[in-house]
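Undergrad: The structure follows.
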Ligand SMILES: O=C(O)C1=C[C@@H](OP(=O)(O)O)[C@@H](O)[C@H](O)C1
Ligand SMILES: C=C(OP(=O)(O)O)C(=O)O
């Protein structure tokens, strides 16, 4: 298997322009498709998750052209539902393509099959399917109940009232929200139980607003959306930098000597993962912000004990940053790590232990206590981009680290190791 060995490194210094947000790129592509008018999207992320969305749009007859090495997309909106009669869509392991497209395809009239990589077929989607069935959709599982592949015979989406469980993934609610304005009547969506990853709903509502649709948000417990609306293209729209991708560079500076300024995310950002910088600050790092940048600088770090349900992706970066902090770090309320690219709770515990760290894996938490000297280990990445990226930080210890299958960062950040090498020194 392909692998890279990094470090030992002693310094992280420089400025980084972070690539576009995955969450915003896929939301904007879908909304631009449903909207009236042509949208010019700049700073689009060029990665596997976005390519799966774009390839699906091509198959569904949507016209767009890519410019600037895939970071600009000029897309002709349909001014309503997707018109295709048929589609057999491969969505890799992109939750932000699979879940929103499942709901959006129900708005039209065609027959569709949605499938993905083997892991996508292990990631639950039953809560979304149940809600779509209540809204009158003919949607079936091809194999195991609750998991893709799915088959849809679309005939529009009814309005009315629907409940959706919020405790597995916020992407199910995001999916229904984005399609709701094109439903046949007004729709009230009630959230059943706890809503995980709540800030991602703010990203959804923000993107919908940019396309001219307002949602009544009743304290994240119910959402009211008027039916029979038309999204309006804003014309030009820029995708802000990816706050989860920024986390690795901010952590690198907080751990190593030096200073890193990340451009593309800042106090103006709509992404919840910007709050990762606040966690670093709580650990002791020096953080400064501007509207579109964040800078981190090293100070002595100490462990924290925090609920990180709102920043599940960036929380993985905290798990490896914890190796450089005094005392124990406990990351709580992250149950849904288990249903992402891999079972992240189990995988993170296994790989952190390989380095010699003391790790406790709970049902919904992980705690990490560092040791003075880490052992050299070959880190397995489980086809999980974030495992590859967050373990690169181990290179700031006195021992090198080997990352197996580093190419898996292509899901959201194909140029990660290139940029990491640019701002780090031995
Ligand atoms: O809506 C989104 O863009 C996302 C929501 C989160 O997933 P969950 O809601 O499943 O936690 C996050 O982990 C994922 O990377 C992107
Ligand atoms: C959970 C993630 O991805 P997805 O959008 O496929 O859910 C992630 O990027 O960490």
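Cβ from N, Cα, C; glycine included.
Annotated domain 'Enolpyruvate transferase' per TrEMBL: 11-418, in sequence order. The phosphoenolpyruvate binding site annotation in TrEMBL covers 22, 95, 123, 171, 344, 386, 411. The 3-phosphoshikimate binding site annotation in TrEMBL covers 22, 23, 27, 169, 170, 171, 197, 313, 336, 340. Summarising the annotation, TrEMBL assigns active site, proton acceptor to 313.
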Undergrad: With the Cβ atom as the reference point and anything under 6 Å counting, tell me which of the recorded positions (22, 170, 197, 313, 336, 411) are near ligand 1.
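TA: Cβ under 6 Å from ligand 1: 170, 197, 313, 336.
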Undergrad: Just checking: which of 344, 386, 411 have a Cα that is within 10 Å of the Cα of residue 336 (3-phosphoshikimate binding site), counting only these binding-site residues?
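TA: Of 344, 386, 411, within range: 344.
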Undergrad: Filter the binding-site residues 22, 27, 95, 123, 170, 171 down to the ones within 10 angstroms of residue 313 (active site, proton acceptor), Cα to Cα, kept in sequence order.
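TA: Checking Cα-Cα distances against residue 313 (active site, proton acceptor), none of the binding-site residues falls within 10 Å.
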Undergrad: Among 27, 123, 170, 197, 336, 344, which binding-site residues lie by ligand 2, judged by Cβ under 6 Å to any atom?
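TA: Listed by sequence, the hits amount to none.
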Undergrad: Let me check the 10 A CB neighbour count of residue 336 (3-phosphoshikimate binding site). How many other CB atoms are there?
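TA: The Cβ of residue 336 (3-phosphoshikimate binding site) has 19 Cβ neighbours within 10 Å.
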Undergrad: Once the chains shown are all counted, how many other Cβ atoms turn up within 10 Å of the Cβ of residue 386 (phosphoenolpyruvate binding site)?
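TA: Excluding its own Cβ, the number within 10 Å is 32.
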Undergrad: List which of the binding-site residues 22, 95, 171, 344, 386, 411 have their Cα within 10 Å of the Cα of residue 197 (3-phosphoshikimate binding site), in sequence order.
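TA: Neighbours among binding-site residues, in sequence order: 171.
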Undergrad: Could you state the CA-to-CA distance between residue 344 (phosphoenolpyruvate binding site) and residue 170 (3-phosphoshikimate binding site) to the nearest Å?
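TA: Residue 344 (phosphoenolpyruvate binding site) and residue 170 (3-phosphoshikimate binding site) have their Cα atoms 17 Å apart.
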Undergrad: To the nearest whole angstrom, what is the C-alpha distance linking residue 386 (phosphoenolpyruvate binding site) and residue 27 (3-phosphoshikimate binding site)?
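TA: Cα-Cα, rounded: 21 Å.
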Undergrad: Please work out which residue of 22, 27, 123, 411 has the most C-beta neighbours within 10 angstroms of its C-beta, and give that one of the binding-site residues.
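TA: Highest number of other Cβ atoms within 10 Å: 22.
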Undergrad: How many whole Å apart are the CA atoms of residue 411 (phosphoenolpyruvate binding site) and residue 170 (3-phosphoshikimate binding site)?
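TA: So the Cα of residue 170 (3-phosphoshikimate binding site) lies 19 Å away from that of residue 411 (phosphoenolpyruvate binding site).
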Undergrad: CB neighbours of residue 170 (3-phosphoshikimate binding site) within 10 A?
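TA: The answer is 25 other Cβ atoms.
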